[in-house]
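Before any comments, here is the structure.
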Amino acid sequence: MRVLLQSGADIQAADFTGRTQLHIAARQGRYEAMALLLEKGADENAEDHLRRSPLHDAVAGKNARAVRVLLLANADINQGNEIGSAPLHFAVKDLEVMKELCNWNADLDRLDMMGRTPLHIAVAESCSEVAACLLREGTDPYRFGLSPSRPSTTRSNRTTERWWVSSSGTASM
């Protein structure tokens with residue numbers, strides 16, 4: 001990669017989906033490649049055709065270290081994709097990545113275009129450890145008038161519903 005960059009390769013070149021080299025390196029957790037690309041001026045907030053950033057890809061790849069590399073390079077932690085989902089919305093399947101984003105002050109109550117917060121997604125996906133982490137970090141489960149128990153009941157997920165009731169003491173069913 002270094003040779004290609006020294007030969008004048010376009011650092012912002014994208015594939016047919018709009019993903020740059022930095023998107024791909026972030027998804028795969030290739031930290032040295034990420035550092036080199038960022039050093040040479042790669043855009044840490046570049047968007048693919050679905051408006052996903054390299055940070056979205058690092059989160060989707062479950063790479064907490066890649067997340068940290070991008071945040072140290074000033075990546076926008078709350079950048080939304082085409083449906084308004086920030087990296088935190090993507091992080092509900094990985095507790096370590098979720099904690100890393102929380103440590104960098106991600107917006108815990110950010111809504112996507114469907115009106116869901118990361119907590120709503122975590123509960124709907126039965127990710128109780130992540131939901132508990134979000135609650136400990138200070139997310140407001142009732143801020144936008146929709147209890148996270150509602151997505152769990154609409155998906156017939158009784159295990160998550162029971163967890164929600166036991167952890168918060170209430171549910172709006």
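Cβ atoms are placed via backbone N, Cα and C, with glycine included.
From a predicted model like this one, the values you see are computed outputs, not experimental measurements.
Copied from TrEMBL, the annotated features are:
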COMPBIAS  147-157  compositional bias 'Low complexity'
REGION    145-173  region 'Disordered'
REPEAT    17-49  repeat 'ANK'
REPEAT    50-82  repeat 'ANK'
REPEAT    114-140  repeat 'ANK'
Average model confidence [pLDDT] within the repeat 'ANK' (17-49): 95
Residues in the repeat 'ANK' (50-82) grouped by DSSP into helix, strand and remaining coil: 16 helix, 0 strand, 17 coil
Sequence-remote partners of the repeat 'ANK' (50-82) [C-beta within less than 8 Å, at least six residues beyond its ends]: 17-20, 22-29, 31, 34-35, 38, 44, 88, 90-91, 93-94, 96-97, 99-101, 104-107, 110, 112
